[in-house]
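J.: Input: one structure, supplied below.
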């Protein structure tokens with residue numbers, strides 16, 4: 001497959017191909033412009049993969065630019081987190097990290113240019129009055145009484161704003177466009193507002209800050225962006241994007257193109273709702289493994305490759321749609337099935353004693369991956385007392401049950417065939433110990449007499465077991481579209497986190513955060529980066545071996 005054939009195809013790439021073929025552009029320059037007021041989520045990953053991926057494929061450039069125009073909500077913590085997420089996903093920005101605040105002097109000069117052209121004015125309506133005057137989708141707006149101020153009036157008033165002569169909310173700079181426009185965004189939008197807040201990049205130099213719609217297009221032009229890619233909610237804003245660039249003296253006029261944002265089942269993407277989950281302690285933080293944040297997915301065990309593959313599969317369109325959670329889960333499941341070494345862990349343990357087993361124990365050889373001999377093998381201790389999962393034993397069962405049953409045989413993974421002889425129970429009737437016998441001639445081979453033993457279960461030697469905490473993470477919400485609920489918090493899945501105390505094979509004591517394993521017959525797990533200790537490792541379930549929600553949705 002050629003490089004061109006391997007590239008994804010979508011309407012944006014078709015536009016770029018046409019622009020390059022026609023000579024409109026000789027190179028491609030994109031940007032990823034997050035606001036540093038929160039953590040990136042899987043929706044941002046789509047934009048990252050699109051913008052950086054296009055730059056890679058066309059041998060162009062992609063800038064990382066922080067839209068840092070609201071110092072009240074922004075923090076250097078988010079700047080650092082976003083940079084880390086972009087790099088973790090496997091991308092590298094062109095040149096230095098950029099900030100919209102780098103252009104505050106130029107933006108201020110362009111605002112003065114608009115004032116001098118009679119295209120901007122200082123308004124002293126209150127924010128509430130501005131909203132009232134703006135009108136609705138069915139009702140046109142009305143002009144502010146300050147709209148017809150002269151250039152000679154507006155220039156000193158704007159300077160008064162800049163030097164702190166107005167209180168917050170007492171004045172703003174607005175574009176002078178059309179209060180009767182069918183597009184509300186064009187009804188004299190605010191260009192600058194007053195905020196007495198220290199900025200994480202510029203300190204206290206400024207007390208006026210430009211709005212996103214004024215900043216975004218000028219920053220694109222100053223950086224030579226050729227294709228400014230936004231999600232569909234900014235479609236109407238394109239008119240303002242073009243209006244600003246058409247009315248200032250700037251040599252470059254980028255074009256904005258919109259694509260559908262990512263909507264994913266069983267979660268929410270709204271920053272406000274995600275923040276509520278964190279602040280109300282429904283989750284333990286922005287990196288909670290149930291969160292759709294990149295940091296949460298990473299802590300859960302998702303790989304950068306699986307997220308890139310997911311973004312590739314869902315594609316880029318102009319049609320809003322909701323993606324099944326199963327699509328994301330299948331990407332990580334396929335990745336880890338191929339690449340994760342195998343290990344054994346018992347999540348709900350019950351003791352099993354092999355009464356005729358002689359000696360202290362032995363080592364059995366196990367492949368690290370059943371289909372990849374190049375991944376090698378490991379030695380796992382075996383002994384006469386082991387832990388098995390409680391779900392792998394029944395006193396009575398039908399023929400469909402292929403695990404251990406009283407009076408019947410089963411194979412222990414890569415070890416011996418055993419037969420359940422009797423059980424011991426506590427006062428409440430719970431099985432505490434299963435007593436078995438084993439066939440000593442069946443170590444990793446079939447019984448000599450030819451009898452068939454169909455079931456295979458995993459196990460951990462009790463004498464060598466590593467005590468572990470196992471966190472069974474599941475979907476955070478119990479309905480596909482929690483955002484549509486009257487109270488999205490009311491549909492949080494009460495089983496989204498189940499904590500178990502289990503045992504694992506001793507090799508897992510050397511596990512490191514970010515390294516995934518398939519716990520045989522259980523699912524894919526990784527060491528938790530926050531709660532694990534040397535004395536008590538904590539493993540997070542990344543995803544099960546199969547989609548257990550499939551039947552729920554039918």
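Quick reminder: no glycine exception, Cβ is built from N, Cα and C everywhere.
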J.: Out of 301-308, 309-316, 317-324, let me know the one Swiss-Prot marks region 'Interaction with tRNA'.
T.: 317-324
J.: Pick from 263-267, 268-272, 273-277: which stretch is listed in Swiss-Prot under motif ''KMSKS' region'?
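T.: Per Swiss-Prot, the stretch marked motif ''KMSKS' region' is 268-272.
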J.: According to Swiss-Prot, which of these ranges is motif ''HIGH' region': 12-22, 23-33, 34-44, 45-55?
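T.: That would be 34-44, the stretch labelled motif ''HIGH' region' in Swiss-Prot.
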J.: Which whole-number value in Å describes the distance between the Cα atoms of residue 35 (ATP binding site) and residue 67 (L-glutamine binding site)?
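T.: About 5 Å separates the two Cα atoms.
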J.: Kindly assign residue 46 (ATP binding site) to one of the three DSSP-derived states: helix, strand or coil.
T.: helix
J.: What counts of helix, strand and coil residues does DSSP assign across the motif ''KMSKS' region' (268-272)?
T.: 2 helix, 0 strand, 3 coil
J.: With Cβ-Cβ distances below 8 Å as the criterion, list the same-chain residues six or more beyond the ends of the motif ''HIGH' region' (34-44) that contact it, or say none.
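T.: For the motif ''HIGH' region' (34-44), the nonlocal Cβ contacts are 66-70, 73-76, 78-79, 81-82, 85, 200, 212, 261-264, 269, 271, 274-275, 286-287, 291-295, 297, 307, 310, 328.
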J.: Should anything in the same chain at least six residues away from the motif ''KMSKS' region' (268-272) have a Cβ under 8 Å from its Cβ atoms, list it; otherwise answer none.
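T.: Answer is 37-38, 41-43, 261-262, 292, 477, 482-483, 488.
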J.: In the region 'Interaction with tRNA' (317-324), how many residues does DSSP put in helix, strand and coil?
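T.: The composition, in the requested order, is 0 helix, 2 strand, 6 coil.
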J.: Only counting partners 6 or more residues apart, tell me which same-chain residues put their Cβ under 8 Å from the Cβ of residue 46 (ATP binding site).
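T.: In sequence order, the residues whose Cβ lies under 8 Å from that of residue 46 (ATP binding site) (at least 6 apart) are 261, 262, 311, 314, 316.
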J.: Please identify, among the binding-site residues 37, 42, 44, 231, 270, the one with the smallest Cα-Cα distance to residue 67 (L-glutamine binding site).
T.: 37
